[in-house]
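S.K.: Mind having a look at this structure? Questions to follow.
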Amino acid sequence: MGLVLLSPPIITLFLLLSILSSIIVDAGVPIPTTLDGPFKPVTIPLDKSFRGNAVDLPDTDPLVQRYVEGFQPEQISLSLSTSHNSVWISWITGEFQIGDNIEPLDPETVGSIVQYGRFGRSINRQAVGYSLVYSQLYPFEGLQNYTSGIIHHVRLTGLRANTLYQYQCGDPSLSAMSDVHYFRTMPVSGPKSYPSRIAVVGDLGLTYNTTSTVNHMTSNHPDLILLVGDASYANMYLTNGTGSDCYSCSFSNTPIHETYQPRWDYWGRYMQPLISSVPIMVIEGNHEIESQAKNKTFVAYSSRFAFPSEESGSSSTFYYSFNAGGIHFIMLGAYISYDKSGDQYKWLEKDLASLDREVTPWLVATWHAPWYSTYKAHYREAECMRVEMEELLYKYGVDIVFNGHVHAYERSNRVYNYTLDPCGPVYITVGDGGNREKMAITHADEPGNCPEPSTTPDSFMGGFCAFNFISGPAAGKFCWDQQPDYSAFRESSFGHGILEVKNETHALWIWHRNQDYYGNTGDEIYIVRQPDKCPVKPEGVPCAN
């Protein structure tokens, strides 16, 4: 399914509705800005009547079925390279195999070709990429192994900015080409040039909640999607297809944490109508670890998505950067070394030092596990990463940080090192995409909910850095005894967010709850940059109030 093209009368109607909606907003209560803050902490009471439908779509659902034949492409997706003139097209041909006796397909038997051209003209250009097959193998009797179809990644180059293109992918020599799909390139990088809407979502999964989130997100017509970790939740299943809302609770005696890899294929099929036309940029989450034989991890994640790693100077799929108009995005890995002596940190230093904020005024960072979350779930779990990297991000003036992992919504005041700071980033947790593990509800600052410090470190990365606070209102304690002053707004609901950067200083952030009507907002604020007050500094010294 490609992009739906609207007739001129319908386009005119949409424009009129857009103008009317802006008038209505202007006539109502003005949208607050971060300059009005810091805000007193707000907690929206839990709506016990709405818990959503956190039940996975079954493999019999029409939305996850394989409808192509032979080597025709499926699971088509689009992702960005580092700048407007290049994109990646990805897809899968051939069927996966799961069982005891599997024989991987030969990637050399099918070409990786994209034919494309500007919309309204002929499809007269062609690009050739590469292909691969990955396997998920278990060295234990009774567990079923998996091998994927052939995964193709093709990079298109030499594209015009903010231009609609049409494309087909596949292998024309086998008469195995996709239908025609469409995408629009990002605007050129500059201080007055931005994509209209960027959707931000985390911990998506493939439940009936997920379908609500994606339908709602699609209705907001994003130009770009950021998925801040945890996509398919294939690791909530045994290899025989038996699933659970709590893997460790239900399958505590398994010799290895199994996964049911077909859930990745279901997820790719479900998402294709959206992400074959709207680029999606993904960073790894803990549900992508997926351990297998020979201590391999993250194989499905690293194989199924295309990343602009090489283009952005990274040697890893776990961290990379790219531009979308006047925004520079840094995608960081919370499940790979983030130590100051490690490759990721050195890459980050180099990437940040190379930025020209006159060209890309906005600097947005994402990774999976949040540093500033007040929920009991995963409380201070990523503290070691914060200790290593926070000063560097502050020094270079990161404006907004997006995280997932905690299945709820939270927005911070501007903060640095747990202290309110007008030059610190705004941290936004959007791990509320709708997965089967359900919502996070309890807060660490509520009586009896503060976790034992020894239980908080991330089990994959190890290390312990979360000690009692040494100053401030929580001095001598591991948790605050009230909602911390850096937490501006929190609510346990499923949803997604939309970022609309208006100019070099103002960006509108809107959080949409699944249970609301499409025109409603759960949280809304203008995030305002102050480059005069908070210049990028050669040293990480606090800025003046």
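Cβ atoms are placed via backbone N, Cα and C, with glycine included.
TrEMBL lists these features:
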{"type": "SIGNAL", "residues": "1-27", "note": "signal peptide"}
{"type": "DOMAIN", "residues": "73-185", "note": "domain 'Purple acid phosphatase N-terminal'"}
{"type": "DOMAIN", "residues": "197-409", "note": "domain 'Calcineurin-like phosphoesterase'"}
{"type": "DOMAIN", "residues": "478-516", "note": "domain 'Purple acid phosphatase C-terminal'"}
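Mind mapping these onto the model and telling me what they sit next to?
M.R.: Counting residues per DSSP class in helix, strand and coil order gives 6 helix, 56 strand, 51 coil for the domain 'Purple acid phosphatase N-terminal' (73-185).
Model confidence over the domain 'Purple acid phosphatase C-terminal' (478-516) is summarised by a mean pLDDT of 97.
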S.K.: Report, as numbers and ranges, every residue of the chain located at least six residues beyond the domain 'Purple acid phosphatase C-terminal' (478-516) whose Cβ falls under 8 Å of a Cβ in that stretch; write 'none' if there are none.
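M.R.: Apart from its flanks, the domain 'Purple acid phosphatase C-terminal' (478-516) reaches 31, 33, 37-39, 41-44, 46-47, 50, 52, 191-192, 194-201, 209, 212-213, 216-217, 220, 222, 325-327, 361-362, 364, 372, 374-375, 379-380, 399-400, 402, 408-413, 415, 418-420, 426, 428, 430, 432-434, 439-441, 443-445, 447, 449-451, 453, 466-469, 522-531.
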S.K.: Run through the domain 'Purple acid phosphatase C-terminal' (478-516) and tell me, per DSSP, how many residues are helix, strand and coil.
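M.R.: Going through the domain 'Purple acid phosphatase C-terminal' (478-516) residue by residue, I get 0 helix, 20 strand, 19 coil.
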